[in-house]
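Per TrEMBL, the features are:
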- 4-87: repeat 'Solcar' (REPEAT)
- 95-204: repeat 'Solcar' (REPEAT)
- 213-302: repeat 'Solcar' (REPEAT)
- 282-305: transmembrane segment (TRANSMEM)
Amino acid sequence: SLPAKLINGGIAGLIGVTCVFPIDLAKTRLQNQQNGQRMYTSLSDCLIKTIRSEGYFGMYRGAAVNLTLVTPEKAIKLAANDFFRHHLSKDGKKLTLMKEMLAGCGAGTCQVIVTTPMEMLKIQLQDAGRIAAQKKLMAAQLPSPAAGAAEPVVQTRTTATQITRELLRSKGIAGLYKGLGATLLRDVPFSIVYFPLFANLNKLGQKDPNVKAPFYVSFLSGCVAGSTAAVAVNPCDVIKTRLQSLQRGVNEDTYSGILDCTKKIWQKEGPTAFFKGAYCRALVIAPLFGIAQVVYFIGIAEFLLDMLPKPRA
């Protein structure tokens, strides 16, 4: 049933995000730093420096936004894919690869309704620590004329609510949907690659077409399909992250759109810059979608719904 699908998708998203959010934070910071202003050299270096400067919970900045909105986002994505697959297979025939890709395309298009504002707010909170650390480093390198020492940098932590209010006040609802084109450019190809690949890998573990594959097959299929699709669309994710960042570090470029962002990254940072944070994104997406598919296919929601008291006849 649709309620069960939505509950399954939501639970899957919550579990997955909680497990991999620190890696996602590192991915955002690695993607946003530009040549000449590098604060971090790798995933481990980013996490270590984040813990030292912001504490353990600094790795979870922006997690509240993700945990709040990932439920509808994952629910829409998984339920929409099922919806399109069902309607594309009404003739009773097995879905062709093209129809599987078309269903994935529909799912990716639907999910951006929630994904774009979620990513927009999450990125501001995730990257705030990098910008603050960069400003602190720059201040330390400039001696104070009075005392001969660097002046302390006062850090004020903004919240998702404050950012939302400011964007709605200054730009309206469109402010929350900045980078919508880049989000579509990432999520639609991702779903086109992910869902057909997962479905076909999952079928390899089915002894009978009418029987679900074992949970470990669904988990491994989700991991492989997720990491493959994540790396494939990483250039679009880098562009999306840069476009959705409202604040910039010292001497960092600003961008007017997808083409301008692509051109500047290519010219100033080289083609390898489009794969910044690719391994982080693979590490995030693999378990996230592995867990999501296990929860979704086990059907925790059906169990919970069955536990509810039934109305008497």
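Every residue, even glycine, has its Cβ placed from backbone N, Cα and C.
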The repeat 'Solcar' (4-87), counted residue by residue under DSSP: helix, strand, coil: 71 helix, 0 strand, 13 coil
The repeat 'Solcar' (213-302), counted residue by residue under DSSP: helix, strand, coil: 70 helix, 0 strand, 20 coil
